[in-house]
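Feature annotation from Swiss-Prot assigns carbamoyl phosphate binding site to Gln15, Arg39, His66, Pro67, Thr68, Gln69, His204, Cys205, Leu206, Pro207, Thr232. What Swiss-Prot records for Asn99, Asp163, Ser167, Met168 is L-ornithine binding site, and it gives similarity to another entry as the kind of evidence. What Swiss-Prot records for Glu79 is site 'Important for structural integrity', and it gives similarity to another entry as the kind of evidence.
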Amino acid sequence: DQGAGVTYLEPSASQIGHKESIKDTARVLGRMYDGIEYRGFGQEVVEELAKYAGVPVFNGLTNEFHPTQMLADALTMREHSGKPLNQTAFAYVGDARYNMANSLLVLGAKLGMDVRIGAPKTLWPSENIVARARAVAEETGGKILLTENAEEAVKGVDFIHTDVWVSMGEPKEAWQERIDLLKDYRVTPELMEASGNPQVKFMHCLPAFHNRETKVGEWIYETFGLNGVEVT
């Protein structure tokens, strides 16, 4: 939209990390482009690209973090909360091991926000990420709560976030395990009401399995009897 020249390299169009090292790919692309956005799996890949490219490298998504989504989420929360971010509280409920929960935890800590994670303890962010976030929050005045009680997590918040329970590339067999673990962490009207805030708002990075209008949504309904998964 801004008139830039953009090239999209889909996975099958690049030999990065396969027939060509990440370092070599970074050096070549860095000579051809003014910036690189990487959207893939390993955090170590985008960090190595940034180390050798010689141009700005943007993390469009990895398994561990989703910083560009955080820019959008921070802007959205600022626009719709009616108060400064350091006076805003939000919760993330669901599978908290991956990029969205990790990134929201770090984002909230850096911005001095009140951050709650509601998830089974086995699905919490790694101890390393939690420790880093707590250290940052001590400097910014942020608050961090990790709990296995979804209603405790959402009490008094301005926003409730969630994400899919089974990520792209995971086998269908993962659904049964996640549903068993996370059925009490679905974002439902009742959970929204449990916040005690009539103005609470729901956020999801999308796509969301919230009804039967997709092939996956219909399969989940036929297999598990759920009309919507992480959110209804």
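Glycine is treated like the rest: Cβ placed from N, Cα and C.
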Binding-site residues (Thr68, Asn99, Ser167), the one with most neighbouring Cβ atoms at 10 Å: Asn99
Glu79 (site 'Important for structural integrity') CB neighbourhood, other CB atoms within 10 A: 8
His204 (carbamoyl phosphate binding site): secondary structure state under DSSP, collapsed to three categories: strand
Residue pair His204 (carbamoyl phosphate binding site), Ser167 (L-ornithine binding site) - Cα distance, angstrom, rounded: 14
Rounded Cα-Cα span from Gln15 (carbamoyl phosphate binding site) to Asn99 (L-ornithine binding site), Å: 24
Residues Gln15, Arg39, His66, Pro67, Thr68, Gln69, His204, Cys205, Leu206, Pro207, Thr232 binding carbamoyl phosphate per the record - widest CA separation, whole Å: 40
Least surrounded among the binding-site residues, given as Gln15, Thr232, when other CB atoms within 10 Å are counted: Gln15
Cα-nearest neighbour of Glu79 (site 'Important for structural integrity') within the listed binding-site residues, Gln15, His66, Thr68, Asp163, Met168: Thr68
Nearest of the binding-site residues (Asp163, Ser167, Met168) to Gln15 (carbamoyl phosphate binding site) - Cα to Cα: Met168
Fewest other Cβ within 10 angstroms of its own Cβ, chosen from the binding-site residues His66, His204: His204
Nearest-integer angstrom distance between the alpha carbons (Cα) of Thr232 (carbamoyl phosphate binding site) and Ser167 (L-ornithine binding site): 18
